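J.: From TrEMBL, for reference:
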BINDING   G27, L28, D29, F30, A31, G32, K33, T34, G77, N133, K134, Q135, D136  GTP binding site
BINDING   T34, T51  Mg(2+) binding site
Amino acid sequence: MGNGISEQPNFLSNLPFCNSLHIAILGLDFAGKTTVLYRLQFNEFVNTVPTKGFNAEKVKVSVGDSAVTFHFWDVGGQEKLRPLWKSYTRGTDGIVFVVDSLDTERMEEAKTELYKITRSSENQGVPVLIIANKQDLRQALSLSQIETMLALNELGPSTPWHLQSTCAIIGE
């Protein structure tokens, strides 16, 4: 999870290249959204507390010969905050959806929330990066298990997506 992107993933190919992108970071509470954000921003682990509203951060990354500034909106994942997610995805260039790879009991809940976001008419065509966090732990679900449990293949062609394993704490 460094600060450089050597090659643009296919799911981003429909994005026009620009110097600034707005990205919403969403997911259930305790998935690791804020830890992912601060790993991207500082390239080190930052101890966090549950987000009660949102965090807004800018991260500048090199993409080939150019630089892109990502404006991240990291929104709390508690159930009472989820109705606010649509305010942060309106007009966004991309969505990062973080799932806890250990939390098998809440994977169906994560799927429901992911589908609410991606099925919204204003989010049609918006690329979604699904981060399978906590992959360093032995009990973590595999990517194929997460893909199946979230039914990612059912998102449809109007939702470009990519599933990425990571561990925000150690930066892999």
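Each residue, glycine too, has its Cβ placed from N, Cα and C.
Curation does not apply to TrEMBL; its annotations are automatic.
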J.: In Å, how large is the greatest distance between any two Cα atoms among G27, L28, D29, F30, A31, G32, K33, T34, G77, N133, K134, Q135, D136, the listed binders of GTP?
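T.: With G27, L28, D29, F30, A31, G32, K33, T34, G77, N133, K134, Q135, D136 as the binding residues for GTP, the largest Cα distance is 22 Å.
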J.: Sort K33 (GTP binding site) into helix, strand or coil using the DSSP assignment.
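T.: Reduced to three states, the DSSP call for K33 (GTP binding site) is helix.
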J.: Have a look around K33 (GTP binding site) and count the other CB atoms within 10 A of its CB, chains all included.
T.: 29
J.: Any idea what the Cα distance is from K134 (GTP binding site) over to T34 (Mg(2+) binding site), rounded to a whole Å?
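T.: Rounded to a whole number, the Cα-Cα distance is 13 Å.
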J.: Are there residues of the same chain, six or more positions away from A31 (GTP binding site), whose CB falls under 8 angstroms from its CB, and which are they?
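T.: Those within reach of A31 (GTP binding site), by Cβ under 8 Å and sequence separation of 6 or more, are G77, V98, V99, D100, D103, A110, N133.
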J.: What is the separation, in Å, between the Cα atoms of D29 (GTP binding site) and T51 (Mg(2+) binding site)?
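T.: Each residue's Cα considered, D29 (GTP binding site) and T51 (Mg(2+) binding site) end up 8 Å apart.
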